[in-house]
Each structure stands twice: as structure tokens, then as C-alpha cells.
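What TrEMBL records for this protein:
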- 1-129: domain 'SSD' (DOMAIN)
- 6-31: transmembrane segment (TRANSMEM)
- 38-55: transmembrane segment (TRANSMEM)
- 75-94: transmembrane segment (TRANSMEM)
- 106-129: transmembrane segment (TRANSMEM)
- 195-215: transmembrane segment (TRANSMEM)
- 392-411: transmembrane segment (TRANSMEM)
- 417-438: transmembrane segment (TRANSMEM)
- 450-469: transmembrane segment (TRANSMEM)
- 489-507: transmembrane segment (TRANSMEM)
- 519-539: transmembrane segment (TRANSMEM)
Amino acid sequence: MFVAIFGVIPTALAVLSGFGLMLHLGVPFVIIIKNAPFLVLGVGVDDMFVMISGWQKTKLVDSIRHRMSRTYSKVAVSITITSATNILAFYTGIMTSFRSIQYFCIYTGTTLFFCYLYNITCFGAFMALDGTREVACLRWLKKPNAPNEKCSALKRCCCLPFDSLPDEQEADIHPMNLFFRDYFGPFLTYKKTKFFVVLLYLLYLTSSIWGCFYVQEGLDPRNLASDDSYITPYFDAEEGYFSLYGPKIMVIVTETFDYWDKDARQKLERCLADFEKNGYVEKTLTEFWLREYVQYMKDKNQDINDKNTFMNSISRFFLDFPHFKYDVNISSSHEITSSRAFVQSIRISTSTNKKKMLIQLRQLAKNCEIPLMVYNPAFIYFDQFTAIIENTVRNVIVASVAMFIVSVLLIPHPLCSLWVTFAIGSVIVGVTGFMAFWHVNLDSISMINLVICIGFSFDFSAHICYAFVSSSMPSANDKAIEALYMLGYPVLQSAVSTIIGVCILSAAEGYIFRTFFKVMFLVMLFGAAHGLIFIPVFLTFL
């Protein structure tokens, strides 16, 4: 218990070191980085559980140096693999086009590096000190009992975790390890159980793939505020009563243009007419100062095609139509350097329509002979719809390839590397599919969690696969049982502790934090299911 308590200290040190270094280097701190300590806590105690599990399988009769040597020989490679892949998974997130995700991945990846460093050094020292305590306690317990029975009871209470005197010649086996060795492992290797596990996996995979087709894209602006913010009822009312019409889109002429030239004006009109023909634009609600100005000049019997007349009359036009004054930018040299028109978007209530509208209007602006740009402040949200899938797929593929390369280099069995990569893909599909069932959108927040998903799904599967291929047992079933005996309990502890670490976020008033909890819960649940159920069964088919 005391070792586990001290095992949280390296995680706290890692957060201080990682965050301190990034802030010292001037990396911006954005709101979603507040999720990082909860995540690092889960990862840090994962390694701690694996190290404690290896330590518990050593013999008290051996020296501290020998016990540490055997512990590190059993778990250090596994921890190094999983830590390296977690760090790589986060650093691949730097390739995304979303700045907030880049900063989150930089902070978390760096903090995980410090977490690994402190676990293999600082926490190793804690275990060595506890080993000294164990030897001292054992000698104390073997002394003749004192006349005071209360003192004897106190000795046993302080020194013995399971109220039994440990055997110096044998490892102190935890009851949960015995459960995985004597009950869960043999049960999982029965033929009928394997058949049921395969059916269960097919059901899981089918449901996940089905859910992937129903995941919504993009971050709803109302989710950026807390639940009690006035923004939420505002957007609800807008969606309920004004969903037919979207925002007004600015069509901006970005360079100096000869507005007085008739041919040039016709080119501009043709481009504007193309916008009005688009299915997501209401053509009767276009606002363009130049159209009004041409009509104004005709009513005044002025020559609109003469540059001097055009420029000298425009100030009087703004006096009669002041709302157009801010649509024209006139330089000190009396040149119109830029101007804008407004087109009204329509029927873009869904994320799919917003994405299509944005792509089509930008393409129309690109195809125009005149340099145009379309813009509205809401485009910062619409851009997510166009980029989120591309960024997610790219990050997932790159991170998965990195995981595969690391596993090939560090796990001495190529086929097991393929199984680990398979587990990564399977967990990603499962998490993405069940996001739809839990009403979680595919946005920049959940995309972070999918990157995390790669690291954690690798962790659970890599631990079991490495133990499987390292086993000296003769049959595949015996190898699977030994792998579960060695690492089944630490994997279970890792999943449960990480869920506990992030469960506090489920009560948060912000969508960002609740989404982090939901996706992390799915990642832990499916990752543990693959590590403890699916992968051990599938490995026996080798």
C-alpha cells in the first residue's frame, strides 16, 4: 500500500517538470491542456502497477540488488515499449492543423517522457527502500513473541498484507494473480469459451462499424461554453426559429480593381451571379454596394465609366447610403484597395451542409477571374468539418505505423506485432463507433482522445503479447495463461485506475471535459477487453 502511495509521486513530479519546461519555453497553455494531468496520472500508475507486479514475484531471501535486477529484467522492456509508443502517439498529433491539439500533444508527450524517466528511477528507489523494510519486518516477526499479545497483533497488522507469514523461498503471490492463473486463464482457453469470445468480438466489431457511419462531425459552438451559459439557450432559439437561414457570407475583392471599367464590372457580376446560383445561397438577399452605386449614378445622370466621376461621387453616395460605407476601403491615394458584398446562406443547419457550402463557395471564389475571398467569423467552426476527418485519419495512420515499427523492433515476434497493430485498429473502430451511441461528435476534442486511444490500446495488448512470446511454456494455451498470470492484474489495475483518474471529469459543466471522460472510458473499456479477453484468445490460434 505504501509503495503504491509513493508511486503517485513520480507522476506529480512529471506534471511539474513537463508543464514547467513547456511554459519556460513559451508554449501556449490552452484550456484542453487541463485534461493532461488526469491522463498522465492514469499512465503513470499503469507503469507503477506493472513494476509492483514484477517486484511481488521476487523472493525475499534474495538481495535487494538481485530482486531489483529480476524485476527490471521482467518489466523494463515492456514499460519502455508502452511509454515510447505513448509518447510517439502524442507527438504525431503535432502534425494536425489544429493549434490547440498541437499544444495539448506537446505538453502531454513531454510530460509522459518525464513520467517514464521518474518511474524507472525515482519509483525504483522507492521499491528498493520498501524491500529493505520487508527484510526488517520479516526479522522482527521471527523474534519470539513478546508477553504482550497486543504488541504481537500490531506487528502482524503493520507488516503482513494478507495476515500470513511470507515464505522466504517463494514469491509472495497476490490473490488476483492466482485468480488469473487458476481460474480466469484456464476458463478463457476452453474451446467453448473461445467460440463465445469470437462471437462476442464479431458482435462488437459489427456494432462499431455500424456506429462509425453515424458519427457527427465538428464542434458545436454551444459546447465551447459551460452548461449554464446564456450561449446555449441563444443557439437553441436560433436553431429552433431561424434554422433556414445561415450566416451572411462576405465576398471580398481582395486587391485593387477598376470598378469604373464596364468590362471589369461585368466580370465581377458574373462571379457574383455564380454565387447566387449556388444551392446554399438565397439570391434575392444579396447586398452589394456596387450595384446600388451603379443605379445611383444612372439616376443622377452621371457617367459611371469615368474614373474621376466614379471616385468623386462615391462620397456623396455614402451620405445617402451610409450602411455601405464600411463595405469599401479607400486608401489615402484615393484608390479602392478592397471591397465586399454579402450573400445570404440558406439550408445549412447540418454539419454536412455547412461543409459542402464552405467548399463550394471557396471553389467559386477560386475560379473567378477576379481575386476573391469568402469569409464569415463562423468559418472557424465550419473549417473543422472540412479538416477533422482528414486530420484524424492521417494522425491515426501515422501513429499506428509508428506503433507497428516500435513493436517490430522491441517485441521478438513479427506476428505478435501484427496482432498488436490489429488491436490498435480494432479499439479505434470500437471507440469511434460507440461515440455515436453516446452522442459524442468527431471534433478536435475527441480527435485528441483517438490519438490517446492508439497509445493505450497498444499498452494493453503489447504487455500481454510480450509476456506471451517470452513464455517458455510448451503450448499456446499455457503461454496465454502465464501471460495473464504475469500481467493480467496490472492491466486490470491500469484500466480501473485510469477510469478513476478521469471520472471526476464526468461531473464537469463543460462539454470538453465530459467528452474527454466519455472517450477515455471507452478507450479503457475496449483496450482492457482486448488485452484481457480478445488478444489472449486470438494468440492461442497461432
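We number each residue from 1, going along the chain as drawn.
In case you wondered, yes, glycine gets a Cβ from its N, Cα and C as well.
TrEMBL entries are annotated by machine, without manual review.
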Intrachain neighbours beyond the transmembrane segment (489-507), with Cβ under 8 angstroms and 6 or more residues off its ends: 35, 38-39, 41-43, 45-46, 49-50, 52-53, 174, 176-177, 179-180, 456, 459-460, 463-464, 513-514, 516-518, 520-521, 524-525, 527-528, 531-532
Intrachain neighbours beyond the transmembrane segment (417-438), with Cβ under 8 angstroms and 6 or more residues off its ends: 204-205, 207-212, 214-216, 396, 400, 403-404, 407-408, 411, 446, 449-450, 453-454, 456-458, 460-462, 465, 518-519, 522-523, 526-527, 530-531, 534-535, 538-539
Interface-richest range of 38-55, 106-129, 195-215, 450-469, 519-539 toward the transmembrane segment (6-31), CB pairs under 8 Å: 106-129
Within the domain 'SSD' (1-129), residues counted as helix, strand or coil by DSSP: 111 helix, 1 strand, 17 coil
Interface check, the transmembrane segment (392-411) with the transmembrane segment (195-215), three or more C-beta pairs under 8 A: no
Other parts of the chain folded back onto the transmembrane segment (38-55), taken as Cβ under 8 Å at six or more residues beyond its ends: 3-4, 7-8, 10-11, 14-15, 18, 67, 70-72, 74-75, 78-79, 82-83, 86, 108, 111-112, 115-116, 119, 123-124, 127, 131, 174, 177, 452, 459, 463, 486-487, 489-490, 493-494, 497-499, 501-502, 504-505, 516, 520
Integer average pLDDT (0 to 100) for the domain 'SSD' (1-129): 84
Intrachain neighbours beyond the transmembrane segment (519-539), with Cβ under 8 angstroms and 6 or more residues off its ends: 39, 42, 185, 188-189, 193-194, 197-198, 200-201, 204, 416, 419, 423, 426-427, 430-431, 434-435, 438, 440, 446, 449-450, 452-453, 456-457, 459-461, 463-465, 468, 476, 479-480, 483-484, 488, 491-492, 494-495, 498-499, 502-503
